[in-house]
Each structure stands twice: as C-alpha cells, then as structure tokens.
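Asks: Annotation comment: TrEMBL describes 42-291 as domain 'G-protein coupled receptors family 1 profile'. As annotated by TrEMBL, transmembrane segment applies to 27-51, 63-83, 103-124, 145-165, 198-227, 239-262, 274-293.
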Amino acid sequence: MATGNWTRISEFILMSFSSLPTEIQSLLFLTFLTIYLVTLMGNSLIILVTLADPMLHSPMYFFLRNLSFLEIGFNLVIVPKMLGTLLAQDTTISFLGCATQMYFFFFFGVAECFLLATMAYDRYVAICSPLHYPVIMNQRTRAKLAAASWFPGFPVATVQTTWLFSFPFCGTNKVNHFFCDSPPVLRLVCADTALFEIYAIVGTILVVMVPCLLILCSYTHIAAAILKIPSAKGKHKAFSTCSSHLLVVSLFYISLSLTYFRPKSNNSPEGKKLLSLSYTVVTPMLNPIIYSLRNSEMKNALSRTICKALALQNCIP
C-alpha cells in the first residue's frame with residue numbers, strides 16, 4: 001500500500017537461489033535437507049549424551065551442550081524457510097516473519113560469539129590452573145558464564161531489528177538473500193540510514209572483536225602453558241583437550257569475517273549467499289562431527305549410551 005512516496009510493505013520476497021535452474025535448486029534442496037537433518041540429529045545427540053552420561057558432567061561438556069542448543073536454534077531460524085523456497089517456490093515472508101527471523105538470527109549469532117569465548121576461558125582455566133579448575137568452574141560459576149554468553153544477544157537483536165524495521169520501505173520488496181539479513185533488507189529502505197549503518201558497523205565490530213580478543217588472550221596463555229610441559233605426551237594431551245574448540249572457532253570466525261568484513265567492491269550478492277551458507281548451514285553441522293570424532297571421551301560416552309539403550313553386553317566402561 002503506497003502513501004505519497006512511501007510504501008507500506010506487508011510482506012517480502014526472498015530471492016534465495018531463484019536465478020538458478022530448477023534442476024540445480026532441486027539438488028540444493030536435497031543437499032540442504034540432508035545437512036539440516038544431520039545438524040539436528042548430531043546436536044541433539046550431543047545434548048542427550050552429555051546429559052545421560054555422568055562422566056560428561058564437567059564444565060566443558062556443559063558449555064558444549066549450550067553450543068548444541070544454540071546451533072539447533074540457529075538452524076531452525078534459517079533453514080526451514082530456505083527449504084520451502086527451494087521445494088515449493090514459496091518465496092514470500094510476512095513483514096513480522098522477516099523481522100522475527102532477523103531478530104533470532106542476531107540473537108543466536110551474538111550468543112555464539114560470546115559462548116565460544118566462554119568455552120575458550122574454560123579451556124584456559126582447565127590447562128593453566130588444573131588443580132583449581134573444579135573450584136573455579138563450579139556449577140554456580142558455569143551457570144553465570146552461560147547466562148552471560150546468552151544475554152548480549154537480547155539487547156543487540158532488539159535494538160538492531162526494531163530500529164531497522166521502523167524505517168519506511170519503498171519500491172521493491174525483493175530481498176536478495178535466502179533469509180532476512182540486515183544488509184539486503186536495509187537496501188529496501190527509503191530514508192537516511194547513515195546513523196543506523198554506523199551503529200551496525202560499530203556493533204558488529206564489538207560483538208565480533210571483543211569475544212575474538214578474549215579467545216586470543218585465552219589461547220595465548222594456553223600455548224604458553226603447553227610449551228612449559230616437559231613431555232611430548234603431556235603436551236599432546238593438553239592440546240587435544242582444546243583442539244576441537246579451536247577448530248570450531250576458526251571455522252566460525254573465518255566464515256563470519258569473509259561475509260561481513262570484505263570490501264564492498266568484492267561483495268557480489270551471489271558470493272555473499274555462498275559465504276553465508278558456511279556459517280548458517282555448514283558450520284552447525286560440522287560442530288558435532290568435530291567434537292565427536294576428535295574427542296575420545298565423547299566417542300566412548302556415545303558407545304556407552306548406545307549400549308545401554310540397546311541393552312548390549314561388553315559396553316565400554
């Protein structure tokens with residue numbers, strides 16, 4: 001509905017991968033559906049195993065369980081609508097639906113940044129102060145750290161989403177992306193957005209860089225502590241406790257940086273869609289695989305859980 005030069009939009013159209021041939025879209029649907037199911041099953045399995053096995057009731061697996069909850073939420077926000085656009089060509093999303101999707105995208109994204117920093121701090125305490133680790137990372141402390149990791153997502157998501165959707169929209173309602181991300185929606189606004197863009201840039205830098213610096217600081221101390229260990233076996237054991245987390249952090253921050261911190265001249269819409277897939281779809285699938293395959297405790301716990309569920313003999317003690 002138009003009023004003067006303004007347009008009141010009641011729905012948006014997600015362009016998604018509509019420029020691709022139907023055959024390619026069908027192939028993408030099957031690929032993303034497989035990844036989606038693997039993500040849900042893998043992260044759900046980590047939650048169930050870490051809850052069911054008493055040997056995994058340590059702080060590290062408490063935070064890993066939080067990460068799995070987060071990855072499931074992140075996937076539920078993005079992937080089902082994307083699958084719908086690929087399968088049924090249902091490209092429309094309501095104004096409220098778009099705002100809701102963007103809100104939870106920001107919420108889970110910010111929470112993941114801070115949760116990864118909290119997990120790095122947990123590894124720092126475990127390796128640098130092993131004797132005091134159970135005392136420092138007690139149940140009360142880990143609950144506070146988890147809450148502190150989830151909380152920043154609320155104000156960031158609330159301010160950015162409500163501010164962006166308070167602007168008037170004009171012209172087309174086509175969002176050139178597979179979900180309601182801030183940059184493509186912002187292009188549809190017909191008002192001065194300079195102040196919002198400054199806030200968005202500063203906010204993104206703070207949300208990404210503060211946790212990143214905390215992670216770098218933690219791993220600098222971890223590396224120094226590992227180098228002081230005299231035996232090669234001891235060094236390997238210490239490093240193996242944080243290698244999975246380090247790999248997950250690297251995947252997340254590399255894909256995030258390539259998406260949001262590249263020069264605009266190098267940012268084609270199709271290229272940004274592919275990069276966005278890396279941290280919205282692929283990384284949540286890889287996290288449970290990384291923590292399962294690279295962690296002997298998790299593999300043994302998974303075997304014990306399966307044995308108990310199937311009432312098998314000769315289970316791993």
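Including glycine, each Cβ sits where the backbone N, Cα and C put it.
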Asks: Checking distant contacts: for the transmembrane segment (274-293), what same-chain residues at least six beyond its ends satisfy Cβ-Cβ under 8 A?
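Replies: Counting only partners 6 or more residues beyond its ends, the transmembrane segment (274-293) has Cβ contacts under 8 Å with 32, 35-36, 38-39, 42-43, 45-46, 64, 67-68, 71-72, 74-75, 78-79, 177-179, 181, 244, 247-248, 251-252, 255-256, 258-259, 299, 302.
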Asks: With the transmembrane segment (27-51) as the reference, which stretch in 63-83, 103-124, 145-165, 239-262 has the largest tally of C-beta pairs below 8 Å?
Replies: 63-83
Asks: Residues sitting near the transmembrane segment (63-83): Cβ under 8 Å, six or more positions beyond its termini, same chain?
Replies: 14, 16, 29, 32-33, 35-36, 39-40, 43-44, 46-47, 50-51, 93, 101, 104-105, 108-109, 111-112, 115-116, 118-119, 122, 142, 145-146, 149-150, 178-179, 248, 280-281, 284, 287-288, 291
Asks: Who are the chain neighbours of the transmembrane segment (145-165) in space, where the CB to CB distance is under 8 Å and they lie at least 6 residues beyond its ends?
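Replies: For the transmembrane segment (145-165), the sequence-distant neighbours (Cβ-Cβ under 8 Å, at least 6 residues beyond its ends) are 62-63, 66, 95, 98-99, 102-111, 114-115, 117-118, 121-122, 182, 185-186, 189, 196, 199-200, 203, 207.
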